[in-house]
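For 61-102, 103-144, 145-186, 187-228, 411-451, 492-526, 587-628, 629-670, 671-703, the entry in TrEMBL reads repeat 'WD'.
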C-alpha cells in the first residue's frame, strides 16, 4: 500500500518556564567539590541542578515520563537517587548526569528515600505502604518490609545499629531489625498521621511530627547497653492477662505495642513535647548533618528552627538555674537559719531543645533543605509553592540570629499558571503571560529575555513588526507594552467584564476583542504623539462595537477578512459579515459552550472545541457540520490550525495535545508530556514549532521533524504501549501458586522483565539446540574417524551473546516457566565448576531456592496429579457401586463397626435392667 498522505511527526524538544515542581523535595548537592552552592530540584519528569550564586541551570537529569516525587543525594555526594510517581527509582551520577541504575519494586509513588551512612543501601518508602531496602552496589533489591497500613512518610537508618525506623500515615512509627527483616516495635502514641521523624542526640532521642502543633520527643534506651530498673520483666509480661500482653501503657497514657516483648532491642519512652507556633500539620521535619539544628514547617510560609543543646551547654544552663534557685531560697529563708536550705532544680525538655528563630519566606513552603557551612553559618534553601527557590542564611551561635535572604531564583518561570501564549512573526520569540507577569523567551536558547509586570492576562498577540505586544486582562483592560524598553505604553478599559479573546485582522491594521460584557469591539492601530518624547508611539482606538445577547468567549477573523466568528455562552457560534456586521450563520450542536475555535488558512473550514469534550469541523460556506470528533477526556481548552494546511492541534484538560486532519477527520498523533491540565498552546507561523502551557507550571516546546508519520504504524504503537502498560499493571502473582499479598520479593513485573525472561528462554533453547548439535557432531567425527568442522549458529554469530541486566535478573527468573529451570541448574553447575562469575551464579541460585520457585511448582504439579487420581478413583467407586449394588469394603467395614457398637449398647442396657 502506497503512502496516500504524508504527515510529519512532532516531538518534544524542551521543557522550560519551570523552576521547581511541587511534588518532590529540594536538596543540596555537591558539585565540583563545592557544598551549599548547588541544589537539585524536581521539574516535572526531570531534575534540574541550579547554581544558587549565579541563578543558572547547569545540569538536567533527564527523566522518562513519570513525575519526580522524591530526591535523596548519596553520602559521598557523587550520586542522586530519584523516586518517581510510578514507583520506580533511578540513581543518577552527578558527574556525567546519566541514570545507569533503575529499581522497580513499588506499585505507587515514592514518598521517601534514604541512604545508610556508607551509601551502600537505599531504603525507599511508597504510597503502596511497603518499604524496600536496595543494595546500590549490587544493583538489586535486598528485602521488602510490610507492616504499615497506609503511605510511608519517612524512613531512617540508624548509624550504629542495623535498624531502620519508619513512620506512616497510619499513625504508627515502626522499628525494624534489618538482620531478621521483621518489625520488633510499633509505637502507637500518635493520634493522627505521623508526617516526619528525626533522630538526634547521638540517636538516643527521636522527634516526631504529626497533624497537630506538637513535636513529640521520645527517649530511646538500647537494652544491650542499659538495664533500666523501671523496665518490666519480660517473664512478668508473659504471665499477665492475654488482653494486655502486647501493650504497655506509658505514663502519659500513650501505648506502645511490642511484637515480641522478650526480644526487644530498645525501649522508647515519651520525654515530652515541644510546641510549634503553627497550628496545622507538620509538612516536613528535618535535621542538618551535625544533628544540632532541627527544622520543621507546616502548610504556611514559616520555617521554625530548634537547637539541640550539647551536654556541656545543658550542664551550664542547669548550674545557672541552680545558682538562681539558691539565691531565691536564701532570700526567702529565715535570717536565724545557718544552713543553706536544700534546693532541687528539675531539667525540662525546653532546657535541652531551644527555639532558635523562625524564617519567613515570600510564599508557602513546599520543601526545604539545611546545610552547615564551614564558617558556622546555617544555610536553608526553600522550594516554594509559586515556582520559586529562595536561599536564606543565619548564624545560629548568635543570641538572636537574624535570617538573611542571600539569593533567589525567579527569572526562569512565572509565579502562577500561564494562561496565554503567542509566537512572533519570525518564529524566534515566544510570549507567555500569567496572573502577574509577561515573559518573552528566545525559542532557540529558551532564555527569558524580558519580564514585564501586568494584570491577570487571558489573551495576547504580537503587534505586526514584533516591537510591541497587546494583552487582554481579566478585568477587561487592554495593555500595550513596548518590548525594547519593557515599558507599559498604555492601558485601555476595553470591556466591563473579562476580556476572553482577541483576533488580529488579516490586513494587520487592527484587531477585534470579545468580552464577558456581551460585546465585540473593533480596534485600529494608530500613531499618537508621546508626551515624554518627540517621537510618536503606537496606540489603539475603538472603531465599532457589536452588541450581542450572551457573553463572548472567543472571536476569530476569516483569512479574507470578510467574516467574523464569535462563540457565545449559549453554546453556539455566530458568523457575521465584517463590513456590515450583519448575521450570516449560526453553528449549533455543542452541548456546552465553545471555548476555542480557529478558521483554516483558505477560509473553507472552521473547527470549534468545547467543554463537552468534542471538536466539530464545519464548512464556512453553508455552516454544515462535516464531522464531530470526540477529542479529549475532558474540556477542550485550545484549538489552532497549522498554517497553510488543514491540520490542527487541540489541547485538553486531560493533559494531552492532539493533532487532527480536518479533511480526513483522522487523529494523527498525541503529544504527551504535561502532568496536569493544559491551558493554552501556540503554533508558530512556519508551523515548525508548537509551545504549550499547563497547570504544572511548565512550558513545553514541540518541534516538527522530517520523519514521516504513517497512521497505521502510529495506531500499532499506541496498542503496543497499551499492552505494555497492562502487563505492568497485571495483578497476577509472579510466582505461580502464591496468594496475593504474600510477595516479599523486592522486584515488580514490568514489560522489561517479561522481555528479559523471553531472552533467557531464547538462550536456553539455543543451548539445547547447540548441545544436541555437539552430540551429533561427535558421533559424525567418530564415524568418519577424523575431525569434521562444526557449523556455527547464525544467531550466535550475529549477537555473540544474549544478555540480561542485573536489575531485571531476579524478576525475570521469577516469571520463567519451570520447564527451563532444570537446564538453568545444569548450566549453573557447569559454570561453577569452571569458576566463571561464581558470585552472580550463586546469587541467582539462592534466589531460585529462597523464592521456593522450584519446590512450589513441583508441589503444584504433584498436587494436580494427586487431585486428578483422587477424582478418578471416586468416579470408579461410584461406577462399581452402581453396577454391582455392593458397597465397597471401606463402607462395609464402617457399617460392621456401627452394628457392633449398637449391639454392645443393647447388652449394657439389658444388664442394667436386670
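Backbone N, Cα and C define each Cβ position, glycine as well.
Proximity of the repeat 'WD' (671-703) to the repeat 'WD' (145-186) is not established, fewer than 3 Cβ-Cβ distances being under 8 Å for residue pairs spaced 6 or more apart. Among residues of the same chain six or more beyond the repeat 'WD' (103-144), those with a C-beta under 8 A of the stretch's C-beta atoms are 69-72, 74-76, 79, 81, 83-91, 150-157, 159, 164, 166, 168, 170, 176, 178, 181, 743-748, 750, 752-753, 806-807, 809-811, 843. Across the repeat 'WD' (61-102), DSSP assigns 0 helix, 23 strand, 19 coil.
Look at the repeat 'WD' (145-186): DSSP puts its residues at 0 helix, 23 strand, 19 coil. The average pLDDT for the repeat 'WD' (587-628) in the predicted structure is 94.
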